[in-house]
Every structure is written in structure tokens, then in C-alpha cells.
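*Asks:* If you look up TrEMBL, you'll see 1-25 marked as signal peptide. Residues annotated as transmembrane segment in TrEMBL: 194-215, 222-245, 257-276, 288-307, 313-333, 345-366, 372-393. The domain 'PAS' annotation in TrEMBL covers 413-483. Under the heading domain 'PAC', TrEMBL lists 488-540. The feature domain 'GGDEF' is assigned by TrEMBL to 568-701. Taken from TrEMBL, the feature domain 'EAL' covers 712-960.
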Amino acid sequence: MTVKLQHGIKLWWFLLLICCHSAFAFHAQINSFDKQLSRLELGQNLYFQQTHKALPLEELIFDPERHHAFRLVSEYKKSLQSTEQSLWLFTRLHYTGQTPIQTIVQYDFPLADVVQVYSYNRSKNDLQLLSSTGASVPFYQRALAYRSFAFPLNFEPDQELDLFIKVQDAAIAPVELTLWQHNNFVLDQLYKNILDGLLCGVLLLMAIYNLFLYFSLQQRLYLFYSGFFINCALVLAILNGLAFAMLWPDYPEINQAILYVAAGATFACLTLFNWHVRRQQGGILGRFGFYLCLVSALLLLFSPLYANNQLRFWGLLVITALCLGINTLFALMHAIKGDRAAKTFALGWAFFFGCIVILALSQIGYLPTAQAWQYLLLMAVMGSMALMSFSLLQNIRGTVQQNIDHQRQANAHLQQYYDIYHNAVEGMFTSTLQGQLITANQALLNMLGYQNLQQMQQDVAKTGMARYYANPEDRVQMLKQLQLGDNKNFEIRGLRADGSAFWALMSARLAEGEGAPGAYVHGSIVDITAHKQNTEQLAYLATHDTLTSLYNRHYFIEQLEQTLRFGHQATLLYLDIDQFKLINTTCDHRAGDALLCQISNQMQRVLNNRGTLARLESDEFVVLLPHLSSNEAFAIAHQLLDTVKEFRFIWQDSVFSISVSIGLAENTDDNQSTEHWLKQADSACFVAKEKGRNRIHMFNADDEELQRHQSEIQWLKTLRQALEQDNFVLFMQPISAIQKELPGLHYELLLRLSLPEQGLVAPGNFLSSAERYGLMPQIDRWVIRNYFRWLAQQPAHLAELSLANINLSGASLTDPLFKAYVSSLFREYRIPFAKVCFEITESMAILNVHQTLDFISHFRQLGCKFALDDFGSGFSSYGYLKNFPVDFVKIDGSFVRDLLIDPFDCAIVQSIHDIARAMKIQTVAEYVENMEICHKLTEMGIDFAQGYGIAKPRPLYQQD
């Protein structure tokens, strides 16, 4: 009973409100229209208020306080925020026509979550729900299947209706309504679909175009620009409801989320695009702005995962302003520093930014929202994008030009490589692993003997590349090494087209083919035949004598060392041709060379490969007879001796008999080195010469003659070491004037050898060895050089010096370089020529008359003095005296020593003095051992005396 009573009370209250409604009705401006209705904007007489979501429409209508809370929409407040509240729109419609009419009410905000439309007929107190839809419900639940919210509304003649619309959304809700005649609405929607489709199509075409540019030019900025257009088209499709209507009509829950994802991706791509257009410039500020925009865009992109509707909306507004503002600012900065394309790009950015701002203000109701105006703005946005694309086009042109330049350079390099390839000195080729020729240059064709490439390809097609290898297995081994990654040079013996052989150095490597790694062989070939022959020739010359083609000293010493190393029995023969110097002197060197070659042939014929024959130097030969004792080797030595003795050398109608001296030494335990073994055989050969030549002498360690020869050889080693280490010491012995006293120092320069164990050694012990082995020119050079150096360091002694006698050997006088060497020492140390007297022995002077006279004439003209030493010891002294322009004659000491007791010596000395005085030559007596001899010489008129009776020899450095 109580429940029925309560329902009755509520019903009574509701009827009371309806009955009293007319008394409290809201006085609203009426939107009147007639049968000619096409389109009626209801914004001028549109009212709104905001309430909580749960407020029912009945309370708005029948509660006077709520009803009178509706306010007229002002000119500058066309959109209202609707967060946790509902936005109610109210307008009063009056149809003045006399026939019924079908109209459509349009609320053009496709993103609204909830849209409910009510009509209220005040005259009949009839409240009806026309439609309850929104973006939060599937698309098919809409009253009319259009992108914007549209509701059918039918009018009877002269009917007045109140229209209430409830809107719920977390964003900005527009407060605009439009009343359409049905057919006109359909045409308008068709027109909008076409325009929106064109806009999205243009954006997608620009995206595809930039994607094509990315794949063509491989520049990422075009990829980002393509992403910008794709996401921009998606944002546009979501905003105008096209995406919801066509792409996901059954999934309203993702519509809002994808808007923020697409917007975030749009700003991210735009930021990356702008960053790459600016070539990542701008310094620290530019990088900061770039990362700020990029992070902001990513936050917006992922906002559906963490933010509510209201937070996402405000984030969209802030990030849109931030990204557009910063990118526009940096685009302008880039334009200031950039080129014409940069300025065009910045202009497009500024235009784009302005259009987006105006479009946003238009969408939220602060600017006129006429369709023409909005589409004009969209076209302006497209124009700004086209302007930016134009700047990119300029960039593309620059890039294309760079690519063209690079292509030209590549073509130039290719042409250069082609020229180098075909004009290279070395032969080059490319072949397959199977041996088929791909290409070859002209150098290789010339090397192998072909006129053109076709000829070579025809031959290779029949037999493969292996035909050019003397050993075809060489190519197989080369390919194995190349396949193992061992790219290196290969020395091969090749074959030309005519079959002739040649040596080549080939460098090869594997190259990749189409889909097959290592499918080709690239190679280069250099003809090294001449080099190979030269190498072999050098190797031959390293071991052979150039004149006789016998083995040389170097090779022979190696054979001796090998014999000693393994302890094999062997005998060494040392041969010296006896008449060689005579033939060289009487004929010429050509005759000597011919003799050596013919003798070599004779000895090779006798040996018949039984031993190793080599030429050491000049006319000295050696033979190593392996595995033979000295007695066995003696027989072969005798054959050599007889063969040479029977040989007759013919030269220019002259016939010479030839003989040879042979020394024989067997390898024994005493032979510690090859040098020692050679010395034994050499000493034995020397003894054979000393005994009369044309004979064989076998080495015996107890042989006195061999010991003497070996002693001379030892002196030879000592003298060479003394020359290298300055072991000689200069002495002097005064020469005294005995007829009258003369000013200054006058002495003869003498030489001593300083040895660690023996002390000072007199020249008589080593000069004969020095003369025998040709060391006298070197010793004479040492004496003059060191004496002149010492004089230059002792200016007082040089000033006091009257004359210094320096001995010269005959070998020095015949040395063609000795005269120039002495002259250079005079100039270097500035020694006065008049203070030097050169002594020449009588025996050496008469053996080399022409050279001696030339030397004397040259230095006497410069002021030097000359003395004829040991005069009287020769057989023709008086006869030669008149031929030598000397200043002094030094009487041989053998006549002076016994002057007081031997009348014959006295007569000889007197005669030499008389003849010299007649020729105005001063005389010097040697070996004056006491004052009695000196007095006798004074009585005889001798000018100078030298000997122990006058002064003993003493070191030069002791002179003050």
C-alpha cells in the first residue's frame, strides 16, 4: 500500500509540473523557417549550460531555476570545455510552412563521446529522445550513417519544437548546430567526402612520392617526410570521422587513442625531418630543441597507455604548440644562415605554422567555421607543405647534380682505369675458375704473341688457361692457394702462343661473381725472363771467374770449408804460371788473357771432373782433389805439369813455351782453417819456383825454404795490420856537413815497426817481404802522410828544418797514382817543396828509368831535391849517373866502412866524389862509424857524412 502511494505522489508531482510549465517557460529566441529551407545555422539563437552528467532532462525542462540557467552562445565563445560535466544545447524551432517537412539536425563534431538529442513539443507536453549516439558507441548505432552526428527531425505545418542536445567529451566541444533540408544535407556530405578524400589522397600521394625518393636517394629525411604525410592523413581522417566510419567502425574504444598515437608520430616525423633538413646543425641549443620535440612527440604517442582523456587533450595542445613553435624557430634560424633552398623551406614552415594555428582556432570556435573557410585553410596547409616540398625539390636537384657529378667522376675514373688497364706495361687478365678467359689487356696479348683478344679467346676456349703454363699443375696449385685466401705472387714458367717458354711473375686474387663468391680470377703478369737470366748470370758470376769461366776464389773457399767441416780426405794443388809476367810485358794484357783461357782449357781437359779447378787471381790456379792422398794427387799434378810444358802459346806469329810451378798440400789434422791450408800449398808453390820452376813441390812442415816463405807471409799479415792500426814509428838520423857548417836541420827519415812482443823492429826485417808482396807503395804513402802531418803540427821545427830526406821505393815510382797523391799532400799540409829531398835507390832507378825520370822532373820543377841512394852498388852506376838529374849522391856504405884499411874502397869513393863534383852533384858518405873515417872523408872533399859516428837514429817526436 505504501509503495503504491509513493508512486502516486510522484505521478501527481510530475503532472503538476507539466501543468505549471507554461507559467514558468523560458523565453527563448525562435529560429523560424519555412518550406524553402535549405540550410539554417542555429548558432544565433542557440543556448547552452553545463550540468553534472547525471542530471536528467526533465529537471532541465521543469525546474524553473535550471531552465532559466540557459545562456545565449556569445560571438566569442563558440566552444566549451566538457570534462566531468555535460554540455546541454537548447534551441527553439518554428516551422511556418503549411505542409509537413523532413529536416536533419547536424552536430558536426565527430569526436564527441556522447551525443543525445531530444525534442520537446510544449503544446502537447511531448518529450521524445530522437537519438543517443557518439564516438564511444559503434558506428552502426547512429540514426544516420554519416561521419558527423545527424538526426532526422520531422515538422508538421506551423509547428514549434524545443530541441535539446546533450554532449559529453573530455575535449573542446563546439556549440554549433545546423538544420538541413534532407536532400541538401546529403549533397553537402557527398561534397565533403569528396574533398576530404582528395585531401587524404594528396597526402598519401606525397607520402608515396617521398618514400620513392627515399629508396632512390637513400636519404632518411625523405623517409621521415613520408611518415609525416602518412600520419597527417591519418590525423585528418580521425578528426573528420572518416577513419571511424571506414577503418574501425566496430571499435570505438580505439578511435580516441589512435588520434594521439597518429599526432605523436606526426610530430616525431616532422621533427626528424626538420633536423635532417638542417643537416643536424644548430649547436647545443639546436640539439636540445630537437631532443625536446622528439621526446615530447614520443610522450604524446604513448599517452593512451598512461594518461586519462583530459590529460591527453591538454598534452596534445601543449605538445602541438611546442613542436610547431620550436621547429618553425629553427627553420627560420636555418634560413638566415642557409642558401635559397633553406629560405624557401623556412617560408613553407612559417606558412604551415600559421595555417595550423588558424585552423585550430577555427575548430575550437574562436574563428568562423564556414566550410569554405576551413577547406581554404586546409588548402593553405597543403600549399605550405608544397612549398616545403619545393625546397626539398631544390635539395633533390642539388643531390641529383651531385650524383651526376659523382657519376661523371666515376665514369672518368672508370675511363682512367680502362686506360691504365689497357695501356699498362704488365699483362692483366680475368678468367673463370674453370679456365675460360673473360678479358685481357694489350700487354698480355703482346707478351703471349696475339694480335687481338679474339684470337686468344679462341685458343683458350679449346684448351683453357692451363695451356699457358709449362707445367699445368702450377695453375691447379695456384687456385688452391687462392681459395685458401693466400693471395700472393707466383713465379711460373709460362708458354707463349707459339710454344716458346718464358719466365713470369704473376699476382692473382679471387673476385666475386654474380651470386657466387670467388667466381673469377683477376691476375697480372710481368715477363721476368730477362730478370731471371740476369739473376742466373749474377749467380754464375758470384761463383765463376769472368775471364776463364772457372770457379772463383769465393766458391773455392766454400768447397774447402765444406771439406774441412766434414773431415774428408783431400789434396790441394796450387799452380802458378811461370812465364805469365813476361808475356804480359812483352806483348800486352790481351795476350795474357788469352794465355789464361787456353791454359784453363788444357787443365780442365786433364782433370776431367776429377777435381775442382778455380782461378784465385792473376796467374794463380788451385785444384781441390777430393778423397785423394798426396801421393795419388801427385800423379795428377804431374799430368798437369807435363800438359802445360808441352803446350805452346802462339801470339802474333810468336811462339812461347809455358811452364807451371805446382805446390801440393794434403789435408791433415794440422789444417785448422782454409787460410792455413791455402798458405801451405802457396808456400810449396813458392819453393817450386825458387828451385827453378816447372816442378812440383810437396808441402813438408820441416822444410826450411817453406818456413822462410811462411815467415814472409806472416810478415805480410803483420805489415797490413800495421798500416791499418798505425803501428809504424818515424825515426830520423842527422846528415852532417863536413866541409863547412850549414844552418838548419838536415836528416834522413827512417822507419821502424812497433810490435807488442818484439818492440821496435828495423826495416831490414820486413822490407823484403813488403817489396815481394807489393806493400811498399802503401808504406811510402804512410810515411809521407804522417811526416807531413807532424811537420804541420810543429811549425817551429818546420822553420828550423833545412832538408829532410825521404826514401821512395821503385814500386811507388811506377804507381801511376803516386805522383798525384804526393802533390796533394804538399798542398794539404802546406809543406815547402825545397825542404824535402826524395831518395831513390840506384837499383830501382835503373829498372824503371822512364817512370823515375818523370817523377824527378815533376817535383824538381817544384823545388824538391833528389838523392841517388846506395850509389856504386850497381854494375853501371857511372853510366846512369849522367841520366838522372839528382842533387845528391849517397855513396854506398860498403865502400865507406873499410875506407881506412882498403885502398880499393878509398879509390872508389874518391872517384865517385870526383865525378859527382864534375857534375855539380854533392856527395854523402853513409856508414860513417867513427871520427877517423869522418876526417878521411873531409880530406877527400866529401860534402856530407851520415852514420853512427855522426849521430845514431832517434825517434822523430823527440826533436824540438
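The count begins at 1 with the first shown residue.
Cβ atoms are placed via backbone N, Cα and C, with glycine included.
Caution: TrEMBL annotation is automatic and unverified by curators.
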*Asks:* Using a cut-off of under 8 Å between C-beta atoms, tell me which stretch among 194-215, 257-276, 288-307, 313-333 contacts the transmembrane segment (222-245) the most.
*Replies:* 194-215
*Asks:* Which stretch from 194-215, 288-307, 313-333 shares the most C-beta pairs under 8 Å with the transmembrane segment (257-276)?
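*Replies:* Of the candidates 194-215, 288-307, 313-333, 288-307 scores highest.
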*Asks:* For the domain 'PAC' (488-540), DSSP counts of helix, strand and coil?
*Replies:* 12 helix, 32 strand, 9 coil
*Asks:* Taking all residues of the domain 'EAL' (712-960) together, what is their mean pLDDT?
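*Replies:* Its mean pLDDT is 88.
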*Asks:* So, by DSSP, how many helix, strand and coil residues make up the domain 'GGDEF' (568-701)?
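*Replies:* The composition, in the requested order, is 60 helix, 39 strand, 35 coil.
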